[in-house]
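A.B. asks: As listed in Swiss-Prot for this protein:
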type	residues	note
DOMAIN	32-102	domain 'Chitin-binding type R&R'
CARBOHYD	Thr11	O-linked glycosylation site
CARBOHYD	Thr100	O-linked glycosylation site
MOD_RES	Gln1	pyrrolidone carboxylic acid
Amino acid sequence: QFGNYYQPQPTYSPPARQQVPILQYSNEVNPDGSYAYSYQTGNGIAAQEQGYLKNPGQRDLEAENVQGTFSYTAPDGTPISLRYVADENGFRAEGAHLPTPPPIPEAIARSLEVIARTPQQPFQPQPQYNPFRRF
């Protein structure tokens, strides 16, 4: 019925992967909401994290505080290690592999210091002519 029009399409089969053993695993969740977990795998991946609720019951002050680390080996063989904190001040990560901003040029740094020391005047909008304004 389909004649020469039907041709089976090639299918993709992902390569078989070796299963990676879990060498260590722990997960602790406490009644107060605090927790801690860690794991280590046979291929060199490791992670740990702990967290707790800061100021529980205080609606505007509650904040989840979390800190942890993880590490692995990149495909090029580079060891990657990351340490992080997440709290009311946001997420902050540290690691040798993370890019860092270039230093601020000295002239700009001096300008920023002058701006910080100069008292700011309150903004006073100036009246402007508007020919389309209707009275």
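FYI, residue positions are counted from 1 along the chain as it appears here.
A Cβ is built for glycine as well, from the same backbone N, Cα and C atoms used for every other residue.
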A.B. asks: In angstrom units, rounded to an integer, how far apart are the Cα atoms of Thr11 (O-linked glycosylation site) and Thr100 (O-linked glycosylation site)?
C.D. replies: 44
A.B. asks: Residue counts in helix (H, G, I), strand (E, B) and coil for the domain 'Chitin-binding type R&R' (32-102), per DSSP?
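C.D. replies: Tallied per class, the domain 'Chitin-binding type R&R' (32-102) gives 0 helix, 41 strand, 30 coil.
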A.B. asks: Would you mind giving the whole-number mean pLDDT across the domain 'Chitin-binding type R&R' (32-102)?
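C.D. replies: The answer is 92, the mean pLDDT of the model over that range.
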A.B. asks: By the DSSP assignment reduced to helix, strand and coil, which category contains Thr11 (O-linked glycosylation site)?
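C.D. replies: Assignment for Thr11 (O-linked glycosylation site) reads coil.
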